[in-house]
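Colleague: One structure coming up, written as structure tokens, with questions to follow.
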């Protein structure tokens, strides 16, 4: 599949970075890792607690999330129009976007449909750009931007829906013993938004690679409040291309002399893809006795995995250098 690799955005790795600063690209799975949904819907999350969790309440919470995600997709993310045209990331069709001003563009009247030719790809690229603009939000450290039109869910959900969303988020976090807030806090720490870890000689980038289709995954990021720690350009859908291909795109996009990668997820596909890439993999389990879960997983644990893999790789490289005949060493 010939796709354009997305370019770097503000705050991402740069070859002009200080040479001794290490940047870690954290590659997160979404479902059953950063959020819980499938295990709520099928009752397996509650079942893992041996009767201590209300299974019917779990299923009800899951269905409410499912309905809310679908509503946001259909009402605000053009999902009924573009459901059958999944792309692996929002910038995949950037070459077809001519930069047209979309403020007065009528998406209902542009006749987006098959065949999926260059004209249709341009119309889809417009929709992707509009979604990206909706996804963006006012940074908390730049409050003066609030003078301009607000972004994020607050921009297009009415007051009633905002309350429904906030109440559901709080209910879910309480039911899962703080899973959502704990995961969000760790993503903040990963990119240096929290003071829990020193960041003088390190920086971080969060990416999400999910097996779900792209548009619902972006809606989930907004609804589960991940949009302030993961930019829309860093959300990848492996629905058709597979996680290994997404990992390769991420490596091509960010790779450099002081870049390291770490994969965190719950499934065998991301585990095997991480092994192919020779990156550390941390397995998330929702069972209460799981080794790594939320709350629980922290940055020191992740750093231990990184140190183990990258120290071992460095030792192997040094051994290779040491095995070169001295006459060949300049």
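Just so you know, the numbers here start at 1 and follow the chain as drawn.
A Cβ is built for glycine as well, from the same backbone N, Cα and C atoms used for every other residue.
Below are the features listed in TrEMBL for this protein:
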ACT_SITE  29  active site, nucleophile
BINDING   29, 31, 266  Mg(2+) binding site
ACT_SITE  31  active site, proton donor
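Can you walk me through where each of these features ends up in the structure?
Modeller: Long-range C-beta contacts of residue 29 (active site, nucleophile), restricted to its own chain and to partners at least six residues apart, with a cutoff below 8 Å, comprise 208, 209, 210, 211, 264, 265, 266, 267, 270, 284.
There are 18 other CB atoms within 10 A of the CB of residue 31 (Mg(2+) binding site), with all protein chains counted.
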Colleague: Residues near the Mg(2+) site, 29, 31, 266 excluded, by Cβ within 8 Å of the Cβ center?
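Modeller: Same chain, not in 29, 31, 266, Cβ within 8 Å: 30, 32, 33, 34, 210, 211, 265, 267, 270, 284.
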